[in-house]
Each structure stands twice: as structure tokens, then as C-alpha cells.
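What TrEMBL says about this protein:
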- B:35-56: transmembrane segment (TRANSMEM)
- B:68-86: transmembrane segment (TRANSMEM)
- B:98-116: transmembrane segment (TRANSMEM)
- B:128-153: transmembrane segment (TRANSMEM)
Amino acid sequence: MVPLYMAFLIGGLLCLLGQLIMDLTRASITPGHILVGYISGGAVLSGLGLYEPLVKIGGAGATIPLSGFGHLLTQGTLKAVEQKGLLGAFSGGVEAAAAGITAAVVFGYLAAVLFNPKG
Amino acid sequence: MNTPDPKRWKKIEVEEYENLVQQTKPKPPLLKHCIWAFIVGGLICLLAQLIMNYLLNQGIGKVDASSYTSVIMIFLGAFLTGIGIYDELGKKAGAGSIVPITGFANAIVASAMEFKREGYIFGVGARIFTVAGPTLLFGFVVAVLIGLIKVFLSS
Amino acid sequence: MPAKKKRGAQTLVFDKPPVITSWASIAGPKEGQGPWGQDFDWSMEDYLFGEESWEKAENKMLRETVKKALNKRNFDEADAEILMAGDLLNQLVSSNYAARELGIPFLGLYGACSTMAEALLLAAILVDGEFFERVIAAACSHHYTAERQFRFPTEQGVQKTPSSQWTATAAGAVLLEPVGTGPRITAVSIGKVIDMDQKDISDMGSAMAPAAAHTIKTHFNDLNRSSDYYDLIVTGDLGKVGMAITRELFIKDGLQPEPNYSDCGVLLYDDFQEVNAGGSGCGCSACILCGPLLKKMTAGEINKLLFVATGALMSPITSFQGESIPAIAHAVAIEN
């Protein structure tokens, strides 16, 4: 099991990097840009085999940031390609991330129905 | 030959003005922002690790425990957005509350909830993907490309 | 033959300066707790104002402010001859829907946050030109309707930059008549759209400052006045960043910015209210004018006021397409 302080450290550092990107680059960087950047960046690093070591050290500190979601998509795809070939490239990612995606959409919908924006 | 070129003059004026703006404009308090982002982001991941460790101790497999953890964190992010706490956290924590998957949930709920008064299909239904759409899109595209590269290399 | 009432490049002076005989303002919960809270006619307790949506609340704010301005002179809606109003929302919905219920002949105006000055100057022209005798000029904005149209959903956790401004929840309306007691509009300057290639949508002050400086300089040139002619020159909603830049631009133009220059966006809130660089929105300059400023004019604390509302004229679509932010400022001289 990964020690808790490592999850804190790696997770904190990944968020710190995001903060540096937001504050030091163009002012038009929005949360949407950060999320897109992290998921794509995580997926690419994972494809190069660079993200798995981070997960080994950081545990949830590496999987909970959105780059971890990208990692999950890539690893799912790669595994499915080994098993099913070409079809796996299209089915593997979503299969691996299905729980997260569905949870996000369904909980998102429920929260929107149950609550009102307070401002 | 010496006629002043209005475009060139405008360009000089704009450059001078840009310098003035850059001198005057306050910079974001970088150190404070970074400390907040590091601590809040770290704490969210630490909470996730606690949940994950608990699930692993219950004898749930590693892959499933990881998926459960994501689902629980997404639920928490959605719930805290609904009761109006997550946006207050976001004002302070910046990337610390955007980068973790709870921030993904926040963006989804905030976009959907905001457009409730415009109806459930084209209000909530369409807007729920305002931020989630591009995020998932680029995630899928990159993953599929990597998958195709692997298919190509191994054939 | 040169136009009789035009002076210089962009300025008009009035033969029979129209009188501001009545005015009213309404402020949101945050604005009501600011330094001028006591000077508004109402402070709202919450952002919904007894309505179902923020858009409806904004429409009601404008409607009630117009009614209040008329009631103070013992008029009702039927006595008003024309309403000139605007807001920040697409298709001017707040003003259009308010006008639907008020039943006053209506001209909708869009000048972003400069709308109050645009409405005032057109109203003054219509009264001086002897077309109408009771003209209403009004403007309003609502923090959350503007936020969801121009920026992010309100519950999304977004960190604001120090140069960003808080769209005011506020409305103001004035009644102009050819005769009566009250401050008079003596001259107006119509601004040009100025664009200094600023692209940061969380820094409107820097985008609008050159327009404000240009209009003020032109106003002084056209009328051969210097900045000490006025007791107070107040810009619309430049905020702290824009105001600091405007001071620099004044000095460059040979104008004296101290001590009689201020900005509605800086005035509207206290420092601890977490608004970063200050207030913005049509309602910001409208409520400061129709609250504290006109009150001070009737009390004789200010006798000559130059009101310069400023507007940033971009939309979310032009921002996404990478366009810079054009800006405008109109000046209205109000004297006792």
C-alpha cells in the first residue's frame, strides 16, 4: 500500500503544477483548459510508460488528479489492443473508465436536479 | 517617402500602452496560490488514498478499489458543489480544487445546475457537457491514437 | 453652416440645459453593504428579489427603479413620454421585458457598462431638442446574470485574478425635464470606440482606460476647459487597475488627475468585500450617479460633475475568436 504522505505529496505537486500554469501563462487559461490539458497529458505520458511509475509512488496522489483519468484511458486501450487488436483501440479506454464517466454524468445530473445554484 | 504610416504609429502606441498596463497590473500572489493549491490538492488525494486503503483492506481487488475510489470522489465533488461549498473552496485553492477528479465533477454539476431554469433537456442535458465534453473528447482521442499506434507497431 | 449646438469634434452643448428633476437607485445585497449603502433608495436582501430567476430579478430591478423615479415627482408610468434603457444581457432582455410591463414608449440601448451615460446624453438631446418633456434614462445589471452569460457557471470553483472586477447588482434611473429644480445637463461628449489590443477578459479596466482618457481629453479640448473646471470627474467602472492607468494617461495628456478624479467601480465597494479590482456593469455607474453623486449635488457638495461611463464592447464569441476588446466612453457634464 502507498503511504499516505506520498499520496499527499504527489497529488499536491500535480496541483501545484496546474497553479503555475494558470498564474504564469496567458490569463485566458480557464479550468476547462486545465482539465483538457491534464487528461491529454496524462494519457500521453501513460502511453510513453512514464505515468505508471508515478502511480506506483503516489497511489491516489497520481490517480485522482485528472491526469490519472487519462492514464486509465490509455492503459485500458493498450490492454484491450493486446487482447482484441484493432477493436480494442476503440473499446478499451471507455471500458476501463466507464465507472468514472457514468458516475460523473449521473451524479452530475442528480446534483443539478436536487440543488439550485446559490451564487 | 516620409509620410507617416498610421499602422506603424498605431503599433508603437499599442506597444507603449501594453508596457504601461504590464507595469500597473497587479500580479497574482503566486506563493500564496501555490501553497493553497499544494495543500488542498494534496489533502483531496490523501482522502482518496484513505478510502482506497480502506477498500483494499476489505479485500477488494486493486483495479476495482481504484474505480470505487473515483466514483466516491466524484460523488463528493458533485455533492459539495450542490450545497454550494466547492466554489468557495475553488476561489482559494485554484488548481488545487480543479485538477483532482472532484474538480471535474464540480465543472459538470456547476454547468448543469446553472441551466436548470432553461429546462431538463436543452438546459441541464446539453450544458452538463460544457466542460466534461471537451475533457472526455481529448481523453478519448489521445487514448485511441495511442491504441492505434500500438496496433500498427505490433502488426 | 456649422451645427448650432456642436462644439469641436465630439461635444454638444445645450441651449436650454435639461434638468434632472428626479432619480432613483437600487442596489444588491453586496452593494448595499458597501460604503454608499445608505444613499440608495433600496438595498435588496437577496439576489432573487422575490422572483424565480436572476433574469426576472434584473427586469424587476429596472422596472421598480423607473417607477420610483417617477413616483418621487408624483408621476406614474403613463406620464413618462419615453424610456431609454439598457443592460448587459443578450438582446437587452432585462430592459425589453421591463419596458413590456411599464408600457412607456421605449428605445433599448447597448453600450455595455457605458449605457447610463449613453441613455443620459440621448435623453438630454431629446429634451433640449423639444421633442419630449419627460424622458427616463436608466440602466441596470445583475451579478449572476452577467456572470453566467460572460464568464463561468456561478457554482464552478474559479480563482479570480487581482485585475478582475465584480459585476454590480444595481440599477439607476433619472427623469429629465426641460424645466424644474435639480442639477442640469449642460454638455455631452460622444465617445469613439478605442481599441488598444487588450485581450485579457479578466481585466476590463486596462481595456477601457484609453477610451475614458480619450473622451475626457476631447471634452476638455472641445470646450476649452481644464480639469479644474469640474469639482469631480468620475469614470464609470475602470476599477483600481484601470483608474491607475487612466491617471497615467491624464498626466501624459497634460491633465491634472488629483484631487478631483475618481471611479464608480472603486467607490462602490469596500476593500474587504473581495471584489478584486472593484465593481463593473451598467448598474455600477448608474447607481453611484443616482445615489451618492446626485445627492451630493443637491446638497451643494459637488456643483460641477463630469460623469464618464465606460464600456467594454466584446462578447464571449469574439473573445473565443481571439479578438481584442474594443471600448467606449461617453461624457456627461452635470452642473448646478
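Residue numbering: from 1, along the chain as shown.
Cβ coordinates come from backbone N, Cα and C, glycine included.
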Distant-in-sequence neighbours of the transmembrane segment (B:35-56), which means Cβ under 8 A and at least six residues beyond its ends:
62, 64-66, 68-69, 72-73, 89, 92-97, 99-100, 102
So what's near the transmembrane segment (B:98-116) in sequence-distant terms, Cβ-Cβ under 8 Å and 6+ beyond its ends?
41, 44-45, 48, 70, 73-78, 80-82, 86-87, 90, 123-124, 126-132, 135
Determine which residues of the chain contact the transmembrane segment (B:68-86) at the Cβ level, with the cut-off under 8 Å and only residues 6 or more beyond its ends counted.
44, 47-48, 51-52, 55, 60, 97, 100-106, 108-110, 113
